[in-house]
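Step one of this worksheet: look at the structure below.
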Amino acid sequence: MEAPDYEVLSVREQLFHERIRECIISTLLFATLYILCHIFLTRFKKPAEFTTVDDEDATVNKIALELCTFTLAIALGAVLLLPFSIISNEVLLSLPRNYYIQWLNGSLIHGLWNLVFLFSNLSLIFLMPFAYFFTESEGFAGSRKGVLGRVYETVVMLMLLTLLVLGMVWVASAIVDKNKANRESLYDFWEYYLPYLYSCISFLGVLLLLVCTPLGLARMFSVTGKLLVKPRLLEDLEEQLYCSAFEEAALTRRICNPTSCWLPLDMELLHRQVLALQTQRVLLEKRRKASAWQRNLGYPLAMLCLLVLTGLSVLIVAIHILELLIDEAAMPRGMQGASLGQVSFSKLGSFGAIIQVVLIFYLMVSSVVGFYSSPLFRSLRPRWHDTAMTQIIGNCVCLLVLSSALPVFSRTLGLTRFDLLGDFGRFNWLGNFYIVFLYNAAFAGLTTLCLVKTFTAAVRAELIRAFGLDRLPLPVSGFPQASRKTQHQ
């Protein structure tokens, strides 16, 4: 009888303990994200949909809300994926032999990338369609009513949708690459068709980021201006308070004396307008009580930070365009093995890594602002305690598409040198020079155009008013046409 090889056993035990440790860390991270997303979604859901007389509808909405919470947690994990990897590399580079960070290694980072990719596929292809069909289903005709009948109908609809999508993917893959069209096994379905489908979805997400991010970068200045208190030279709070009080008094008079008006009044609409004006007046009172430091220092510093971050983003993209023309290594590529803690991915070291993380978060926030500011998706904007379940599902799908494309978006623009891990680097279009080059040029051009239009809008408005062009009968872009009464005067 041979003696056991204790060295092999120790290696296997060590590998087993490392896998268990990585599973525990991943579970704790996901649980934290899940709890945060659940708290966030409960602030926007419509309470009437969860406290209905019909217990069946309330149960269906609760199940759909949990699926949305799972999807939103994956979206938040995709946003944190690249910044967490960059910071982990710098930590391992600065403290290579620290005992307390031995759990932070390349295997854990690579596993997180694979998990986010897997669950993003699962959420986009199965969970979110299931949640939508589940909320809209009523059960087959003639079947017993209940949640189980809705589940049967949802599963059938989901199977039909899956067959339709897989057929479209097979046709698209056959058109793109004829040599890979003859695929019949289940292994090819998992190794080829699903990654190809996710590659198409990711490409759509990257295109959506290309449109929404420049628009959001321009909108960030106006959004920040609404949240912060401007100096007294830029706004007159006393006048705004006086106008708000005057409008509220006029609406209150209409509500108290409805017979004084010839036309029928919508009392519910008037009450909502009064509540909105009261809320606006409370916010204006808080802004008026702001300290001089907040008024004269906070707003200029915030505007300066936004200007620096936006200019730095455009500058980095412009430099990356030149690098694409000179060096082939500037092209985004995938990395199968996560070798962390060996070299910094920024020429400025840890300081440059922090700048990269800040820029990635800034562009993600700008893309979300631009997404909800665009006319096409403005109707999806969630409302506080007044968002329908189908609208929550649509928001979760859109946010997951945007966030899962963020690592590819950041690497394509050259915001970081951190190569894409796992299946994120398997997208075929990442190796196409013309697509990457045109994408960078389009981003730089659109961002510059949006910023120039935003900063020159105030100057154009003052010039138009100074020359009296706003009183002309011809419509001027961005400015309301004067009324006929004003023109005759």
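From the backbone N, Cα and C atoms, a Cβ is placed for every residue, glycine too.
Quantities reported herein were computed from a predicted structural model and do not represent experimental measurements.
TrEMBL annotations:
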type	residues	note
TRANSMEM	24-42	transmembrane segment
TRANSMEM	63-87	transmembrane segment
TRANSMEM	107-134	transmembrane segment
TRANSMEM	155-176	transmembrane segment
TRANSMEM	196-218	transmembrane segment
TRANSMEM	297-322	transmembrane segment
TRANSMEM	353-372	transmembrane segment
TRANSMEM	392-409	transmembrane segment
TRANSMEM	429-452	transmembrane segment
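Among 63-87, 196-218, 392-409, 429-452, 196-218 has the largest number of CB pairs under 8 A with the transmembrane segment (155-176). A Cβ distance under 8 Å defines the sequence-distant neighbours of the transmembrane segment (297-322), meaning residues of its chain 6+ beyond its ends; these are 217, 220-221, 224-225, 228-231, 234, 330, 355, 358-359, 362-363, 413-415, 437, 440-441, 443-444, 447-448, 451.
Counted over residue pairs 6 or more apart, the CB atoms of the transmembrane segment (429-452) and the transmembrane segment (196-218) come under 8 Å in at least three pairs, which marks the two as touching. Same-chain residues lying 6+ beyond the ends of the transmembrane segment (196-218) with a Cβ under 8 Å from its Cβ atoms: 117, 120-121, 124-125, 165, 169, 172-173, 310, 313, 363, 365-371, 373-374, 401-402, 404-406, 408-409, 412, 423, 426-429, 439, 442-443, 446-447, 449-451, 453-454.
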